[in-house]
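In TrEMBL this protein carries:
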DOMAIN    B:125-427  domain 'NADH:quinone oxidoreductase/Mrp antiporter transmembrane'
TRANSMEM  B:79-99  transmembrane segment
TRANSMEM  B:108-125  transmembrane segment
TRANSMEM  B:131-149  transmembrane segment
TRANSMEM  B:161-183  transmembrane segment
TRANSMEM  B:203-219  transmembrane segment
TRANSMEM  B:239-260  transmembrane segment
TRANSMEM  B:272-293  transmembrane segment
TRANSMEM  B:300-321  transmembrane segment
TRANSMEM  B:341-359  transmembrane segment
TRANSMEM  B:379-404  transmembrane segment
TRANSMEM  B:416-436  transmembrane segment
TRANSMEM  B:465-485  transmembrane segment
Amino acid sequence: MNEMTGMNENPLDLLPEVLLGASAVLGLLLGAWLPRGRQWLTGAMAGAACTGGVVAAAIAAAGPVETAFGDSFALDTLTATSRIVILGATLLVLALAMPRMYADPRETEFYVLLQLASAGALMMAGAQDLLLLAAGYLLASVPAYALAGFRKDGPGTEAAMKFYVVGALLGVVMLAGITALLAAGRVTSYPMLRTELAEAPAGLVAAGTLALLAGVLFKAGGVPGHFWVPDAVQGSSGPVAAFLTTIPKIGALAAFYRLAAVPLADADLPWAGLVAVLSVASMTLGNLAAFFQQDVKRLLAYSTISQVGYLLLPVAVAGRTALDQEALLYYLAAYALTNLGAFAVVCALPGAHAIDDYRGLARAHPALVASLVVCLLGLVGTPPTAVFLGKLEAFSAAIDGGYAWLAVVAAVNTVASLFYYLRWIAPAFLARGPGSDPGAMSRSAAAVAYGAATGSVVLGVLGGTVLDVLGGPLSR
Amino acid sequence: MLTAIVLLPTAVAALLLCVPRSAPRALFLMAWAATTAAELVLTVIVWAGYQPDGGMQYETRARWIPSAGISYHVGVDGLSLPLVAVTCVLFLACALYSWRATRRVREFAALFLFLQTTCLGLFVALDLILFFVFFDLSIVAMYFIIAGWGHKDAARSALKFFLYTFIGSLALLLGFIGLYLAADPHTFDIVELTRADPLAGRTTYGALVLLAVAVGLAVKTPTVPFHTWLPPAHTDAPAAGSAILAGVLLKMGTYGFLRIAMPVLPDAWRDYALVFVVVGVVSVLYGALVALAQNDFKRMVAYTSVNHMGYIVLAIGAAGAVGADQEEARRLAVTGSVFQMVSHGLLTGALFLLSGVLYERGRTYEMSAYSGVAGRAPVFAALTGVAAFASLGLPGFSGFIAEFQILTGSLGPEPVATGLAVLGILLTAGLFLRALQQIFLGPLRLPVAAPGTERPFPDIRAHEGLAIVPLLILGVVLGLAPRFVLDVIEPASHTVLELLAR
């Protein structure tokens with residue numbers, strides 16, 4: 001904690017965020033001048049900003065734990081890892097989107113919105129002040145509404161509408177929660193809230209926390225803030241769906257964990273029980289709803305809701321075990337890579353919407369179906385993919401934190417999830433007779449799918465090196 | 001050395017997948033058979049260099065994920081070496097048996113090679129997570145084999161198999177995490193956990209971990225009441241897949257009991273040994289009775305597997321009844337259970353391949369559709385007869401040695417249960433004799449192909465004979481001269497009992 005507020009306003013501390021914001025603004029200006037065939041340059045600039053941000057975050061990660069701009073922004077392992085994962089995931093989404101958006105009349109706008117939404121996720125991950133968290137929420141949400149309806153067609157408009165209405169409602173609830181916590185603690189900075197909330201009236205803290213979590217869960221796409229997820233994912237284009245189910249989640253879950261570990265750590269709240277209930281609700285409802293979906297994007301949407309449930313395991317036992325932070329961060333990285341891989345397969349076959357469109361596809365596109373198998377079985381948690389190690393860590397954290405029953409529920413849910421993933425994989429790999437013909441394959445998206453599938457196995461096998469750096473101290 | 005044995009099949013599988021599908025069929029089959037033969041040779045070399053009294057050998061340990069207590073740790077001892085050898089023999093037999101396969105040969109061969117890696121890896125794994133990785137991957141590979149190359153309701157059976165055994169594997173994983181957290185420092189290493197005995201004196205914790213581990217392994221074994229995935233999976237799987245499923249995959253469950261549950265959780269095992277005895281006896285009797293009621297030949301063989309695995313569970317349960325003066329008997333029971341795994345692997349493998357021969361000719365497993373086949377196919381009839389007699393435990397075959405040891409060893413500690421289990425032998429004798437009589441004796445009758453025409457029923461072909469006969473010869477050799485295997489098993493079972501008596 002930095003006592004000397006006002007002395008640490010060095011913009012270089014926020015280099016990844018600044019790069020992304022600058023690239024978005026510059027891209028917007030350039031886009032007004034560039035001819036349509038050259039607008040891809042703004043996308044390339046976004047890619048460069050993300051790459052630069054990853055490098056800057058990696059360099060910053062080697063430094064000591066600090067805060068920037070007073071106590072409002074934390075520079076610790078949690079922020080550094082979230083930055084790398086968010087920016088890496090944004091790069092993958094850009095790779096999915098750029099060939100598709102080439103020479104689109106609104107190409108630049110797309111990249112700008114994407115970068116702004118990513119910057120919002122970065123803000124949420126590092127925010128150490130309730131007001132900055134709210135600002136990050138808005139920055140992550142508003143561009144995302146526009147992205148959801150970017151195609152301007154019927155389903156897209158419905159998706160954007162539903163997304164916006166739920167987001168606006170829960171955003172207001174979140175602000176009300178922040179107000180209540182401010183009333184209880186008289187400050188908004190996390191390190192000071194920690195001491196203040198410990199002595200504040202329990203009812204007020206509880207009400208404020210619940211309202212605050214509504215907004216966080218909306219961004220994470222977890223129950224009860226999940227209602228927008230299936231419609232927004234099904235109604236928007238493939239790359240946007242991949243974005244919406246991955247990048248805001250990372251920021252929101254990092255923020256969720258930070259709330260648990262810092263301001264609410266000493267508050268008189270049944271925190272672990274509350275988050276455990278949210279986790280069970282997310283994984284169970286997501287899985288049950290995914291069971292008989294025919295549309296692959298909708299199926300993946302529900303699968304991401306259930307994944308939030310598993311990701312909440314380490315959040316529930318935050319502070320009760322030494323494994324919580326590394327479990328969450330590793331699982332987040334593994335999830336981002338694997339989920340993007342699955343969406344990349346969907347993007348690679350723009351003509352295939354339903355599970356039946358994948359029948360017998362293994363003969364025509366063996367490598368693509370193999371990637372799909374790796375990613376979906378990876379989401380189940382089959383070793384040696386990365387999500388397996390993530391689940392292992394998350395289960396270990398839950399059991400170590402005294403919530404063994406939560407790990408058992410998660411294990412049962414994992415088996416249930418296997419059922420609907422197999423409903424998709426099995427016909428693609430095994431159906432006999434003539435396969436369906438979903439039309440042309442996008443080579444670039446397929447390449448992303450191969451890369452993500454390979455990456456999720458490599459990350460799993462080399463998990464030891466990664467895990468070692470994820471347990472670093474938290475800014476308090 | 002062990003790492004090479006484990007990884008070689010997958011490396012070849014990856015190479016095969018790079019060869020275009022249009023390459024001649026024989027190329028894939030040759031590569032598959034050659035790899036499995038090379039694996040067998042390597043295993044023989046390992047066996048030749050193995051010192052029976054030397055404990056764990058050929059150990060390799062490498063850092064993998066040190067912060068999570070996971071390492072790459074492999075090695076063989078008297079419990080795993082015979083199973084590694086059986087695995088290699090069976091996979092070679094399957095490669096030979098599939099010589100005339102035509103449907104998607106490249107993928108079939110690659111999947112089998114990958115499956116061989118997972119089976120061998122599991123038996124040599126000395127780290128719980130490594131064990132789990134291979135355990136889970138074997139399920140995935142077997143799922144694709146059943147669903148892709150099975151018949152009738154294969155997709156459904158495969159799904160059932162996957163879901164059931166996956167539930168088991170997650171229960172296992174929770175149990176492993178429980179062990180990991182109990183150990184100080186946290187580790188997944190089986191050797192270290194065995195040495196530390198982390199749950200000594202923690203009764204409830206130990207019981208819960210044993211429950212999770214035992215449910216996981218019991219689903220795989222399978223014992224009653226977790227066996228319901230087995231009959232459909234076997235019935236609809238391709239013959240070679242069934243042979244591996246019964247011959248190797250089922251052993252993973254019982255091997256897990258001997259490798260993990262008994263040495264790492266000795267207190268809990270002793271407390272709950274009676275549960276395993278009861279489950280074992282119920283499996284023996286229930287498996288035999290249900291098998292007796294079957295008209296489907298392959299389903300009947302599948303249920304006899306439940307019966308045969310029940311003997312193993314009975315024996316390891318009886319071994320947990322640590323008394324004052326039963327030392328010798330309990331050692332006999334453990335040795336017999338390992339020997340039964342070997343023997344059952346060979347004989348059931350042969351029986352499933354033979355049932356594949358039957359199906360390939362008649363397109364049905366219904367025993368009532370056949371009669372008097374011995375006249376048309378005398379060699380097939382003779383081989384089936386030998387396999388059936390060996391399987392029911394006739395002296396002179398390996399099954400006899402195994403069951404004799406198990407029953408003699410269990411009789412002292414658990415006289416009532418063992419007495420009941422003997423009835424199982426009578427039942428299996430009855431059901432095998434009935435099946436032989438139905439299919440092979442009496443007037444000739446074969447399933448019809450088209451109205452008025454019978455299906456041709458050629459006798460055993462060369463490649464089928466090459467696959468099945470060696471399995472039966474090994475069954476006889478182990479029945480007449482079991483010492484060379486028992487010499488390897490006995491020191492290891494002695495060690496298990498010492499660990500259990502702590």
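Using N, Cα and C of the backbone, Cβ positions are placed for all residues, glycine too.
Counted as Cβ pairs under 8 Å, contacts with the transmembrane segment (B:416-436) are highest for B:272-293 among B:79-99, B:239-260, B:272-293, B:341-359. Against the transmembrane segment (B:79-99), stretch B:239-260 has more CB pairs under 8 A than any other of B:131-149, B:239-260, B:341-359, B:379-404. If one looks beyond the transmembrane segment (B:131-149) by at least 6 residues along the same chain, the residues whose Cβ comes under 8 Å of a Cβ in the stretch are 103-104, 107-108, 111-112, 114-115, 117-119, 121-122, 125, 155, 157-159, 161-162, 165-166, 169, 172-173, 176, 190, 220, 233, 236-238, 241, 244-245, 249, 252, 256, 259-260.
Through the fold, the transmembrane segment (B:239-260) approaches residues 79-80, 83, 86-87, 90-91, 93-94, 97-98, 112, 115, 119, 122-123, 128, 131, 135, 138, 142, 145-146, 149-150, 172, 190, 213-214, 216-222, 233, 276, 298, 301-302, 305, 309, 312-313, 316, 334, 337-338, 341, 344-346, 348-350, 352-353, 355-357, 359-360, 496 of its own chain, all at least 6 residues removed from its boundaries and within a Cβ separation under 8 Å. With respect to Cβ pairs under 8 Å, the transmembrane segment (B:341-359) is most closely packed against B:379-404, considering the stretches B:108-125, B:161-183, B:379-404. Here the transmembrane segment (B:465-485) has long-range neighbours at 82, 89-90, 93-94, 96-97, 339, 342-343, 346-347, 349-350, 353-354, 357, 379, 383, 386-387, 390, 395-401, meaning same-chain residues at least 6 beyond its ends whose C-beta is under 8 angstroms from one of its own.
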